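Okay, so here's the structure we're looking at.
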């Protein structure tokens, strides 16, 4: 029932008025307009199509009239009652009657009835934090101190907005300064929290001991207004909601940054796959050098960025756990609401700096890597020009292909790790949303308690007023009858008149009681119908909002699924092409080595070690044949130095 009246989701709460835009500003404006009236004054029955300025002007005019009437009634009750002839009572609106009853009750002296009312209020305030719908009530946001604190600009904006909304009602409340005094003659101060009662009592005692005679201090004390005790709590809950919304926006920005990094890595992978086809036309030495340099640079940049992100995530989780541990074990403290505000903004700042720092570090590493590539290319251009034989190109090609494959595997692993990080951030975002819904539930429970207290207060005030009116009317009638009967001389006429008057009184009492019963029944029926209509309207709005939200979520999930399928197809095509190229190269090497006469035809499957041994044997036989010819004195052109270097390098590799 109360979830329909006070919805916990932000979409349902923001769409309470169809003219308002869904956002934080509209929510705050409507919330402050309701709370500025003290939550004890019923809102005027205005149509929804009326603008906020018209509603505010109508509220202010009605409040001004009600306060003037209230002041006159309070001054009339303070004087001695004067007997006047019976007049027709003036009918007032329900809002004016409610305001007059509330302020008359607060301005009455401390008799037995007021003492019982005050004790009941204090008992209700003491028991309220233990209510099951209110989790460990305090004057600040419950278990939300680790979620972060707003910046100074946000705080200044909040102060400006609240001052503008309260400035209109401040002038109106100054008109009832005379009726806001208690028995001691002091103005009743703000009721901010339960923990401030002792301070206010001590301050009153100090004022009675050492009164201030200056007119400036007296004028400032007269400007203080009386407000309900729960307003400060509701304002702090609103402040906590604004902080949570700011944090949700920050998390969304971080998720966008991570998605952009993932797209950049995908683009790098595509560029590498495109550049792989161009590497076949390059010389073997230069291709090998470029592949080694690019592999080293890619590994460096990716490993550094990933390690930095891991450190930042671990640091952020540690800060979250450290800030959440003392909040869980702490007793409900109603007065300490401003202790942990300095530590709330640290995790978000660490995350922002970590994300931007990782991006800048990756950019700097790529710049340094490009400079090193240019220097190495200039140094090794001369060595690569000497390698011209086709047989020497096979080994660098094979190495370049293996390096490219390992680099592609590392890039794929990095992409999977970044997707895991994005999932973690989404989980944190859901946690903040659940905390946001908890805060809205606390506000709804507070509003429920306020409405319940107001209804009880209205019932008691209406009963008291009806009894007082009946008493006054009966006194006036008795006074008139005694005046008449004193003028009568005959006893019989006097007795007959008294009997008739008593019968009339009984009939009138019965009629009045019946009319009162009918009136109360009608009022109850009207109030129940109004509540049912409002509940049904809000339920319809909630259902519409939920439908729209589910549709939007379904569309987003469908688009994400299509993007993931496209990326998977691209990666599969690239992997199959690279495997086919590697298989063709291996087949060519096998054909070149085992097609020579004198080689053994292996019946089993040819392994990489067999191919390597065959190549080494061919090279060693060639060098032996060259040495034999040289020893016999046959003139043979000398072998090139690069060939001898390659044979020694291959022998070292086999020995290892």
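For all residues, glycine too, the Cβ spot is worked out from N, Cα and C.
Owing to the predicted nature of the structure, the values given are computational and were not obtained by experimental measurement.
Swiss-Prot lists region 'Disordered' at one of the ranges 139-163, 164-188, 189-213, 214-238, namely 139-163. The stretch that Swiss-Prot tags with coiled coil, taken from the ranges 89-126, 241-278, 279-316, is 241-278. On the 0 to 100 pLDDT scale, the coiled coil (241-278) averages 81 in this prediction.
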